[in-house]
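Now, the feature entries from Swiss-Prot:
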type	residues	note
TRANSMEM	46-69	transmembrane segment
TRANSMEM	135-158	transmembrane segment
TRANSMEM	175-199	transmembrane segment
TRANSMEM	273-291	transmembrane segment
TRANSMEM	334-357	transmembrane segment
TRANSMEM	373-399	transmembrane segment
TRANSMEM	421-443	transmembrane segment
TRANSMEM	524-542	transmembrane segment
BINDING	Cys566, Cys575	[4Fe-4S] cluster binding site
TRANSMEM	582-603	transmembrane segment
TRANSMEM	650-672	transmembrane segment
BINDING	His661	chlorophyll a B1 binding site
BINDING	Met669, Tyr677	chlorophyll a B3 binding site
BINDING	Trp678	phylloquinone binding site
TRANSMEM	714-734	transmembrane segment
Amino acid sequence: MATKFPKFSQDLAQDPTTRRIWYAMAMGNDFESHDGMTEENLYQKIFATHFGHLAIIFLWASSLLFHVAWQGNFEQWIKDPLHVRPIAHAIWDPHFGKPAIEAFTQAGANGPVNIAYSGVYHWWYTIGMRTNTELYTGSVFLLLFASLFLFAGWLHLQPKFRPSLAWFKSAESRLNHHLAGLFGVSSLAWAGHLIHVAIPESRGQHVGWDNFLSTAPHPAGLQPFFTGNWGVYAQNPDTAGHIFSTSQGAGTAILTFLGGFHPQTESLWLTDMAHHHLAIAVLFIVAGHMYRTNFGIGHSIKEMMNAKTFFGKPVEGPFNMPHQGIYDTYNNSLHFQLGWHLACLGVVTSWVAQHMYSLPSYAFIAKDYTTQAALYTHHQYIAIFLMVGAFAHGAIFLVRDYDPEQNKGNVLERVLQHKEAIISHLSWVSLFLGFHTLGLYVHNDVVVAFGTPEKQILIEPVFAQFIQAAHGKVLYGLDTLLSNPDSVAYTAYPNYANVWLPGWLDAINSGTNSLFLTIGPGDFLVHHAIALGLHTTTLILVKGALDARGSKLMPDKKDFGYAFPCDGPGRGGTCDISAWDSFYLSLFWALNTVGWVTFYWHWKHLGIWQGNVAQFNENSTYLMGWFRDYLWANSAQLINGYNPYGVNNLSVWAWMFLFGHLVWATGFMFLISWRGYWQELIETLVWAHERTPIANLVRWKDKPVALSIVQARVVGLAHFTVGYVLTYAAFLIASTAGKFG
């Protein structure tokens, strides 16, 4: 007899109801729970999947290169990056009528195409690519690389090539490999690429496979490097009049510290970026060699964690940093590790979103407004999912892997012991921010509605303005630090030698970029609304994790696992308190918050890009301003994507906007109705099916049963999330592209 799905659980495979399918989908990634799983096998399987993951990434990048080379307009775009719109790929759609074909035949193409809003054109141009042939070459290289990684994944599942458990648990060796080998060496390689290929190309000198070994990146060669005269590499940088990709105004420097932006491309200086990557490489290669591996030198992390000394002095009592037992706790729990990794990656992804627009690194991308908006929004959305996932796996760690004996007296136990103080403080700050921020918005809304806008309560963000002034913004007249030429920040080494400072001060005070935007009362309010969202999301997640093992209401909660709906009517009030439920609730708040973040960023930038900052400044201080002047006003073009007179090239976004709303609203059907309703409905449908001629020829083996409460919540949450993302993505791209192309 054929074995039934799922193979990883005999219990589920023998379930006679449709529960078999749903539970199998839910448990597919929970490798720990699979039949016959050992710790060693678990590590080996996860290790092998990393190669598959990398193969998918390389395949994806290869497909971008291939489609742009085949169907894009890269060679036309680089001749005029500010006015030619980059093509992602052609569209083949047999349903298109003549008006649609005309609407989507754009950007100089001879058939319907999609426009690229990902920034890949700017990236490839900046790093030295100039022809379709180079794109094809890169595509084939990445395809071969993907194949190699797929093979490596398969190989590491073969008995002879499976690493042992001890190999996986050698933390110092892994740090050595990741810090020095991956981060350090790849940064060094990237610095090498920028110096040997990208910088010469930016100065009009082609470097390819044919001549890169014979073309020296600097006239002085390696002599300054070996004689310690490194300053030579910073002399004669590109001038302010440099025309990108030509020799006009070009210098010879390869490692500089100019600060600010290239005047023509409005992106960071390539020579500054090469310097940055070289510095990162040195730091990480050193960092990777600090820990004790096979040679008996360097730090042992376990010894450091367990030592009760701080810089050689013994520390005891409440103010020490008790990490005893943490090494083994971390090293033996994949959920603990994953929680940390997701948290770090989440922070850095949000950080990338902030830096990609304020300090653009790719040539001319600062003037491709739709791409800027898409990249910011994309990275902030990714960040919230990673952060919520971090807390989810932290909670699973506390339920499944935390050992109270092993962690006696260390920081983990301390956090659990004073969880009431942590949770109540988060609750207090959420209430404070919520009532005060909403109070100000509602007050302002009411007085504006009654025709007395002068009665609004408008608060200048003086502390934030002070921080901007300290970094050199002179607009506010707060002469302090870098905005005061006489201050020590201005005159201290190395600034007196005019290193980096002039470029930075020009950039921060220019008004045409997104560096340290001018802020006022509208920013003050929305900042606190975002703070409310962040703190409430954190409250839900932290409470869920810290109460995951047990609470006063349910002391034995850990015995019920990570996700349970309720413990029946016998213990009233145990519904909604599993750690999974806190993950579920927090995601609504996380989406709410990222909505406010992206609304704020987008509306503020629309004003800057259109040269009309007054609209945001005057109308962001009350609720109707946000609804009317941001959401409603900017969806006007969108809902006109197609009308009785035909279609335009926004029609696909108009359709997606409607479809996103539909998916989002469908979520509530699962979120607001409970299991009994669906069970009755299914039984009625089965009854009807079995009595309908022809239809009743189709039978099924599994008895149809409704989703469990937790599963229905997952389905509802998935629809809510996907609909939310689709709706805002369509709104963002259409409202920006409709104005700026």
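The backbone N, Cα and C atoms fix where each Cβ goes, glycine too.
Most Cβ pairs within less than 8 Å of the transmembrane segment (373-399), among stretches 46-69, 421-443, 524-542, belong to 524-542.
Contact between the transmembrane segment (714-734) and the transmembrane segment (582-603) is supported: at least 3 Cβ pairs lie under 8 Å, counting only residues 6 or more apart in sequence. Cα-Cα distance from Met669 (chlorophyll a B3 binding site) to His661 (chlorophyll a B1 binding site): 13 Å (rounded to the nearest whole number).
Same-chain neighbours of the transmembrane segment (46-69): 31, 86-89, 116, 118, 120-121, 124, 132-133, 135-136, 138-140, 142-143, 145-147, 149-150, 152-154, 156-157, 163, 168, 334, counting only residues six or more beyond its ends whose CB sits under 8 Å from a CB of the stretch.
Among residues of the same chain six or more beyond the transmembrane segment (273-291), those with a C-beta under 8 A of the stretch's C-beta atoms are 171-172, 175-181, 183-185, 187-188, 190-191, 194-195, 198-199, 254-257, 298-301, 361. Sequence-distant contacts of the transmembrane segment (524-542), counting only residues of its own chain at least 6 positions beyond either end whose CB sits under 8 Å from a CB of the stretch, comprise 384, 388, 391-392, 422-423, 426-427, 429-430, 433-434, 436-437, 440-441, 459-461, 464, 582-583, 585-586, 589-590, 592-593, 596-597, 600, 620-621. Packing against the transmembrane segment (175-199) from elsewhere in the chain are residues 126-128, 207, 212, 215, 217-218, 254-255, 270-271, 273-274, 277-278, 280-285, 287-289, 291, 293, 301: each is 6 or more residues past its ends and has a CB under 8 Å from a CB in it.
Looking at Tyr677, Trp678, the binding-site residues in this record, the fewest other C-beta atoms within 10 angstroms of the C-beta turn up around Tyr677.
Of the recorded residues, His661 (chlorophyll a B1 binding site) and Tyr677 (chlorophyll a B3 binding site) place their C-alpha atoms 24 Å from one another. Comparing Cys575 ([4Fe-4S] cluster binding site) with Trp678 (phylloquinone binding site), their Cα atoms are 19 Å apart once rounded. Sequence-distant contacts of Cys566 ([4Fe-4S] cluster binding site), defined by Cβ-Cβ distance under 8 angstroms and a gap of at least six in the same chain, are Thr574, Cys575, Asp576, Ile709. Cys566 ([4Fe-4S] cluster binding site) carries neither a helix nor a strand DSSP state and counts as coil.
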